[in-house]
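Per TrEMBL, the features are as follows:
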type	residues	note
ACT_SITE	Asp174	active site, proton acceptor
BINDING	Glu33, Tyr34, Thr35, Asp36, Tyr226	substrate binding site
BINDING	Ser67, Gly124, Ala125, Gly126, Leu127, Ser128, Ser129, Ser130	ATP binding site
BINDING	Ser130, Glu162	Mg(2+) binding site
DOMAIN	9-57	domain 'Galactokinase N-terminal'
DOMAIN	96-180	domain 'GHMP kinase N-terminal'
DOMAIN	286-358	domain 'GHMP kinase C-terminal'
SITE	Arg27	site 'Transition state stabilizer'
Amino acid sequence: MSTTELIGEFEELYGCEPEGVWAAPGRVNLIGEYTDFNDGFVMPLALPHTARVAVARRTDGLLRLHSGDIDAGVTELRIADLAPQPGGGWWTYPAGVVWALLEAGHEAVAGGADVHLRSTVPTGAGLSSSAAIEVSVGLALADLYELPLDRPRLALLCQRAENAFVGVPTGIMDQTASACCEAGHALHLDTRDLSRRQVPFDPAAQGLELLVVDTRVQHALGDGAYAERREGCEEGARQLGVHRLRDVPYEELPAFLGKLSDERVLRYVRHVVSDNHRVTRVAERLDAGDLRGLGPILTEGHASLRDDLRVSCAELDLVVASAVAAGALGARMTGGGFGGSAVVLVESAAATAVTAAVVAALAEAGHQAPRVFPASPSRGAHRVS
Ligand code: ADP
Ligand code: MG
């Protein structure tokens with residue numbers, strides 16, 4: 001849908017013109033999985049898919065929210081009455097941002113706003129459609145109400161909205177990626193001190209493609225698994241006498257593992273410490289311009305998630321195995337696992353054949369047909385008009 005059409009929909013809904021249109025992307029994580037709650041590194045990139053919002057300020061303290069992508073009508077809220085609503089509808093994402101802005105002392109937003117949303121970020125595929133909504137709304141309000149907020153601070157407030165208002169315990173990666181990524185780069189993010197570095201990553205310039213394969217499944221098993229892995233990692237840190245697993249030096253991993261008697265905890269520690277190191281190795285390859293050198297590191301990361309952390313599933317394992325067998329340079333599941341998406345690094349010339357091989361392998365095993373698209377590293381949140 002064009003920006004003009006989005007604006008037209010806003011006018012039809014609310015009977016006035018929007019003051020502007022803002023966009024914020026979904027993201028995919030290149031490497032560094034389950035490292036964020038261990039104070040470690042992650043390396044997301046922004047997708048070309050975005051949430052776009054047309055927004056106008058109000059003066060009567062009302063917040064009106066509408067998504068053109070779902071059949072839910074306009075949600076009308078009094079800003080003075082906003083309170084966390086875990087398990088509420090889609091509207092809790094944008095409303096949570098308004099709530100978090102107010103809570104942080106940005107009282108100007110109490111005036112109100114009309115918001116109309118359209119998003120091209122696939123939902124529930126682990127590509128962060130939720131952060132895209134939060135960051136697009138947050139940036140729109142920050143611009144319109146001239147709030148003194150830089151991008152990292154905006155990301156923190158959006159995370160606060162999702163954690164406290166929507167009731168989902170996510171880390172800081174998704175919102176930071178959506179707010180701070182730059183085109184042609186991956187974002188090297190230290191989740192301990194939130195320091196960031198833009199690392200050049202432009203697969204197309206080197207005749208490569210990074211494919212996202214969305215399996216379109218989400219196994220119920222994943223529901224309690226996140227909390228269980230988190231608890232296991234905290235237990236590992238306790239047994240090793242470190243604050244977080246981030247504090248275990250990779251070079252000393254064998255010695256540290258030797259101190260652990262619990263096989264489950266040992267596997268979790270080995271995954272987190274080695275995956276954190278893989279983020280550093282990937283950053284080194286990217287700095288050296290050696291994108292093909294990423295392949296084996298990605299595939300190694302998948303094995304660690306599959307065998308040590310055990311958060312993969314049959315569909316994701318098959319995507320990775322069939323892609324690599326068909327000539328991909330490397331592949332791994334991305335995100336929380338138990339379904340969702342995988343990333344596959346391929347020579348551009350081989351992308352069609354690798355995609356066909358993955359689709360065929362899934363079909364033969366009786367799984368759903370995946371959605372496959374190239375993830376060209378795109379720009380972070382911005383004003384569109
Ligand atoms: P992810 O962020 O990985 O896509 P989440 O479960 O965190 O998955 O967020 C998905 C939720 O975000 C949806 O259930 C819905 O409430 C909301 N959402 C995402 N995109 C839209 C949209 N276009 N319109 C309305 N709500 C949306
Ligand atoms: Mg999300």
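All positions are counted from 1 along the displayed chain.
Positions of Cβ are set from backbone N, Cα and C atoms, glycine also.
Here the features listed in TrEMBL are placed on the structure.
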{"residue": "Arg27", "record": "site 'Transition state stabilizer'", "Cβ neighbours (10 Å)": "33"}
{"residue": "Tyr34", "record": "substrate binding site", "Cβ neighbours (10 Å)": "25"}
{"residue": "Thr35", "record": "substrate binding site", "Cβ neighbours (10 Å)": "28"}
{"residue": "Asp36", "record": "substrate binding site", "Cβ neighbours (10 Å)": "20"}
{"residue": "Gly124", "record": "ATP binding site", "Cβ neighbours (10 Å)": "13"}
{"residue": "Gly126", "record": "ATP binding site", "Cβ neighbours (10 Å)": "25"}
{"residue": "Ser128", "record": "ATP binding site", "Cβ neighbours (10 Å)": "31"}
{"residue": "Ser130", "record": "ATP binding site", "Cβ neighbours (10 Å)": "27"}
{"residue": "Asp174", "record": "active site, proton acceptor", "Cβ neighbours (10 Å)": "29"}
{"residue": "Tyr226", "record": "substrate binding site", "Cβ neighbours (10 Å)": "17"}
Which recorded positions from the set Arg27, Glu33, Tyr34, Thr35, Gly124, Ala125 have a C-beta atom lying less than 6 Å away from ligand 2?
none
Per DSSP, the domain 'Galactokinase N-terminal' (9-57) contains 9 helix, 26 strand, 14 coil
Could you check which of these recorded positions, Arg27, Tyr34, Thr35, Glu162, Asp174, Tyr226, sit within 10 Å of Ser128 (ATP binding site), going Cα to Cα?
Arg27, Asp174
Could you list, ordered by sequence, which of these recorded positions: Ser128, Ser129, Asp174, have a Cβ under 6 Å from ligand 1?
Ser128, Ser129
Residues satisfying Cβ distance under 8 Å from Ala125 (ATP binding site), sequence separation of at least 6:
Asp214, Arg216, Gly340, Ser341, Arg371
Among all chains shown, work out which of the binding-site residues Glu33, Glu162 has the most CB atoms within 10 A of its CB.
Glu33
Could you state the whole-number distance in Å separating the C-alpha atoms of Glu33 (substrate binding site) and Gly126 (ATP binding site)?
12
Given Glu162 (Mg(2+) binding site) and Gly126 (ATP binding site), what distance in Å do their CA atoms have, once rounded to a whole number?
15
